[in-house]
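Report on the following structure.
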Amino acid sequence: MLRDHRALGDQIGSLDRLAPPDRARAQALATATLRHLGRIDAFLDHFLTRRPPAPALDALRLATTELRVHGIPPHAAVDAAVRLVSAGKNRTLAGLVNAVARRVADAAELWEATPEAPLADWLARPIAAAWGKAAAERIALVSRQPSPVDLTLRDPSTASALAAELGATLLPTGSLRLATPGQVSALPGFDAGAWWVQDAAAALPMRLLPDVAGRRVLDLCAAPGGKSLQLAAAGAEVTSLDISEARLGRLRDNLARTQLAAELVAADALAWTPDAPYDAILLDAPCSASGTLRRHPDLAYLPRDLAPLITLQDALLDRAWGWLAPGGHLVFCTCSLFPAEGEERIARFLAGHPEATVLPADPARLGVEPAWIDASGALRTRPDFWPGEGGVDGFYAACITAPS
Ligand SMILES: C[S@@+](CC[C@H](N)C(=O)[O-])C[C@H]1O[C@@H](n2cnc3c(N)ncnc32)[C@H](O)[C@@H]1O
């Protein structure tokens, strides 16, 4: 599960050979295990004199999640764990897994007495420094809960009807929220391309732009493409650029499914130059992704070096600014909780570009709390916002206007 510094997020591809319902279940189980990994390992240590080989440890971690987090009946969870190590050279581990999993099944009180591990230091420290210790604790708490799945609609006027059909909640931002989605591709509206999966917070940066209908818009760092789909659905003439051809493939699939159009360009934005200026640019820069922790718990185990990311963010921002038509708009956003990848990047940019102004985000138009807009007019979301509804991803987004 966490071998060679590669975590589940990188290994999801290996689940591709499973049928969609099995893949959805496997993903949910692995994600829940990663959310509670510190607690699970501390709990398992009570039954082990030393850490067993990785296949046995992973089988026991998964069994603990099934037994103690999901409440699966003991015979089914123990059987499943033993089957995981019953093939090939791992067969010798079956006895150990069977014995320990049975003890896990009987240890409800010990599980209750085992605390969750604190948030990884590389996340906890900058989050507490930026938003306070109490917010950092709330973010850790939200990140351990199952995260809902949000959908963005191709046609916002279908929201109420689709919400009823899907049993979803219509959020004030216009996204639909599913508490327990299961297999997403089996849901009503998937084949017809009526919606795509996109966290409610991730759907907000595009909406900082004034009306894009009929406008030439560049989605810079576009893949896998949720924001390109939003732009195309809003009637923009979209160019979607990303350095990764493989990730653009997912956008191509989603464009086909939703019957939306965008020109796809696989290129390094630091080397590419457009033929003509754009009316608007949406720059969703590569970042630590620390704001997506509640959906990607493996992030906690993959500390990121911020320095090269910040250098890239500044370079992309400076370059994109030169591609705007007079009076054009540039949205800079990152799914990061660190001001170093958001607020501080825009402060640096504005200090070097006195001709640039921030177009203040309008909370009523976005359907967000006024407190989500900072003093400069930029949007800041955090996982501990709307906690009763399951939170939202952490995002920073600012819309900058070029002189006319
Ligand atoms: C945060 S993700 C974009 C998410 C996307 N905007 C969406 O809404 O689905 C950042 C993207 O930047 C791309 N990227 C990184 N460096 C790049 C570069 N130098 N030029 C173009 N794209 C780059 C990555 O391949 C990645 O897909």
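A Cβ is built for glycine as well, from the same backbone N, Cα and C atoms used for every other residue.
Where the annotation comes from TrEMBL, it is an automatic prediction and has not been curated.
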For the S-adenosyl-L-methionine site that TrEMBL lists with C221, A222, A223, P224, G225, G226, K227, D268, D284, give the additional residue from the candidates D211, D242, D253, D298.
D242
Secondary structure at D268 (S-adenosyl-L-methionine binding site), reduced by DSSP to three states:
coil
In angstrom units, rounded to an integer, how far apart are the Cα atoms of K227 (S-adenosyl-L-methionine binding site) and C335 (active site, nucleophile)?
13
K227 (S-adenosyl-L-methionine binding site), DSSP three-state class -> helix
Do me a favour and check the Cα-Cα span between G225 (S-adenosyl-L-methionine binding site) and C335 (active site, nucleophile); whole Å is fine.
14
By Cβ count within 10 Å, point out the most packed of the recorded positions listed: C221, A223, C335.
C335
So if I draw a 10 Å sphere around the Cβ of K227 (S-adenosyl-L-methionine binding site), how many other Cβ atoms end up inside it?
27
Run through the Cβ atoms and count how many others sit within 10 Å of the one on D268 (S-adenosyl-L-methionine binding site).
9
